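Going by Swiss-Prot, these are the annotated features:
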type     : residues : note
ACT_SITE : SER275   : active site, nucleophile
MOD_RES  : SER63    : phosphoserine
MOD_RES  : SER68    : phosphoserine
TOPO_DOM : 117-165  : topological domain 'Mitochondrial intermembrane'
TOPO_DOM : 236-242  : topological domain 'Mitochondrial intermembrane'
TOPO_DOM : 290-293  : topological domain 'Mitochondrial intermembrane'
TOPO_DOM : 353-377  : topological domain 'Mitochondrial intermembrane'
TRANSMEM : 96-116   : transmembrane segment
TRANSMEM : 166-186  : transmembrane segment
TRANSMEM : 215-235  : transmembrane segment
TRANSMEM : 243-263  : transmembrane segment
TRANSMEM : 269-289  : transmembrane segment
TRANSMEM : 294-314  : transmembrane segment
TRANSMEM : 332-352  : transmembrane segment
Amino acid sequence: MALYSWVQRGWRCGQTWAPLLGGGYRELSATQARQLLGRRFNLLLQQKCGFRKAPRKVEPRRSDTGSSGEAYKRSALIPPLEETVFYPSPYPVRTLLKPFFFTVGFTGCAFGSAAIWQYESLKSRVQSYFDGIKADWLDSIRPQKEGNLRKEINKWWNSLSDGQRTVTGIIAANALVFCLWRVPSLHRTMIRYFTSNPASKVLCSPMLLSTFSHFSLFHMAANMYVLWSFSTSIVNILGQEQFVAVYLSAGVISNFVSYVCKVATGRYGPSLGASGAIMTVLAAVCTKIPEGRLAIIFLPVFTFTAGNALKAIIAMDTAGMILGWKFFDHAAHLGGALFGIWYITYGHELIWKNREPLVKIWHEIRTNGPKKGGGSK
């Protein structure tokens, strides 16, 4: 989820954030915060904002305690704590200008690319239909060479719905980024580009990249489970190409809403996770099918309508944003949910059904192309 994480300026005991089982984030001690930056940590012997005695001839500093009680030095590959502290701009409103234009530009490019992708998909389906007839004839006259494993993989893949096939790529991207977090030498890069924070020097690219970023395995698993569960419904409603455009745009838009809230309240801090985009998917499905029945994974006996679930989620995130709850990035959740509701209600008619001019231009480019000698057709 797009959740508050790690180090805040002027950190004290209980001012740092890290993953909490259940998909959320909780307050951790100073010692635990350093573990996120690549330092060794022992859960049984953790310190709670305490100082260890300074070693001889070494400047006093905070240190973690290993299982043997010795202090471990910070690796040279991991940035010192001071380099990960974020300093807000003295002009907070100006900070939002670049993210705003990036959000508008990226959203436009996402839907434009999706329209062209759909056009190319339709053309390729026609061609693949005739190629399939030829391939079936060739397969019937020559022996099969596929192994059992390949047959099982093909059988599993063909059993998936269009939505499940689509989100498989998204899940794979999230898993790859999760693995990168496990490499200590990449922590500096991951914090800079895969966590979104309006106080960071890099503002725009993390708005997209942080949508695929999870530090906690449980956090990623919970998000991907929800995405997988709603994938068939959302792709049936929007189609594969439109869904991808909505999902990517939702990640950027929800992060921009988070930026606005952080700047307005002065509560800066890095966020990461796919929750903003997933909230858009959930809100879109619940708005389109409000009478659908939903259940909690561990409490399948208790069911409720999709419409009521959406209202409860919006109410909780609104309260969390107003009251300053810090377990989740409630502003990003709320921004994603409102975007999903708006898109199903108005955005589909306003954006997707007006894509024809762009598709016609692309068709002309593909059909005519540049002519030699500058002649026209």
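Positions of Cβ are set from backbone N, Cα and C atoms, glycine also.
Just going by CB pairs under 8 A, the stretch in 96-116, 166-186, 269-289, 294-314 that sits most against the transmembrane segment (332-352) is 269-289. Counting residues of the topological domain 'Mitochondrial intermembrane' (236-242) by DSSP class, helix then strand then coil, yields 6 helix, 0 strand, 1 coil. Among the stretches 96-116, 166-186, 269-289, 294-314, the one making the largest number of Cβ pairs under 8 Å with the transmembrane segment (215-235) is 269-289. As a quick check, the transmembrane segment (96-116) and the transmembrane segment (243-263) clear the bar of 3 or more Cβ pairs under 8 A, pairs 6 or more apart, so the two touch.
Over all protein chains present, the Cβ of SER275 (active site, nucleophile) has 29 other Cβ atoms lying within 10 Å.
Tertiary proximity for the topological domain 'Mitochondrial intermembrane' (290-293) is limited to same-chain residues at least six positions away from its ends with a CB under 8 Å from its CB atoms, namely 303-307, 310.
Residue counts for the topological domain 'Mitochondrial intermembrane' (290-293) under DSSP, helix first, then strand, then coil, are 0 helix, 1 strand, 3 coil. Here the topological domain 'Mitochondrial intermembrane' (236-242) has long-range neighbours at 111, 114-115, 117-118, 121, 162-163, 166, 284-285, 288, 344, 348, 352, meaning same-chain residues at least 6 beyond its ends whose C-beta is under 8 angstroms from one of its own.
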